[in-house]
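Here is the structure we will look at.
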């Protein structure tokens, strides 16, 4: 049975308010099938990155390398997809399958490197992932020289541009993977360990939790999400470039926190993150219809993040004071 928390109910209410507000301001220009389908194709590439960020935050860390990981994985897949000798000898289908596997594998490897630096060597997550962000971006830049890799087989383009029963296939894939991760967090040893590590690392260590393994595995899963994001992005736009998705980092942090993930770790649900993604995508689409500039969007997202962090801090401090008073009375 799924438990609906107070925070989840608040998110549902916010989502409803956002939709009603957009309906009043934009009406039919927002609420039409063409716009919803467009949103359905845009959500997954960002949604996977937000999930990667949320998993890192659940352990009490952060992953600032998600964009670099996504772009590097996408570039490596793109180089395979545009290799004419491989296409002629192995065939299109084999080449596409190989490209998909390479993107997912390198996403995992990049995530594993983050996990080793943070979980095994014990470098603070922010410093470790800033370093790997620069490293992944530098490798991608060195490989491509800053140029885009374009011209993929048509069969690969179907991955990010096709529908099933009227719904975008990337969106269906995202929903399935979100559900699997949510179930894993609730019903597996790994999932319980993630919450324990994020809540109190030292206590988890002395309780017998394999903290290093948990952190490495969590960042590997996050890296895999970056691989999925890369595949969807490059198949949707028919190119791979090191500069894609620069605005997604701030949005991923915003979505995670807005979705109820505690930045200090130990609490939060995937359902909250999913609702937060839908809210932010609705806002983003309305910004496009209002012709709001990217700079103004960044300002709005930054203000939203600050407000949410302040509210969470005030609410958290109030809860702590209430708990202390209750203990004193006892």
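Every residue gets a Cβ built from N, Cα and C, even glycine.
If you look up TrEMBL, you'll see 9-31, 51-81, 93-117, 123-143, 164-183, 216-235, 270-292, 298-315 marked as transmembrane segment.
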Interface-richest range of 123-143, 164-183, 216-235, 298-315 toward the transmembrane segment (51-81), CB pairs under 8 Å: 216-235
At least three Cβ pairs under 8 Å linking the transmembrane segment (164-183) and the transmembrane segment (270-292), pairs spaced 6 or more in sequence? yes
How about long-range neighbours of the transmembrane segment (216-235): same chain, 6 or more residues beyond its ends, C-beta under 8 Å? 44-46, 48-49, 51-53, 55-56, 58-59, 61, 63, 66, 69-71, 73-74, 77-78, 100, 103-112, 114-116, 118-120, 152, 156-161, 170, 173-174, 177, 181, 190, 194, 244-245
What parts of the chain pack near the transmembrane segment (298-315), using Cβ distances under 8 Å and only residues at least 6 beyond its ends? 247, 250-251, 253-254, 257-258, 262-263, 287, 292
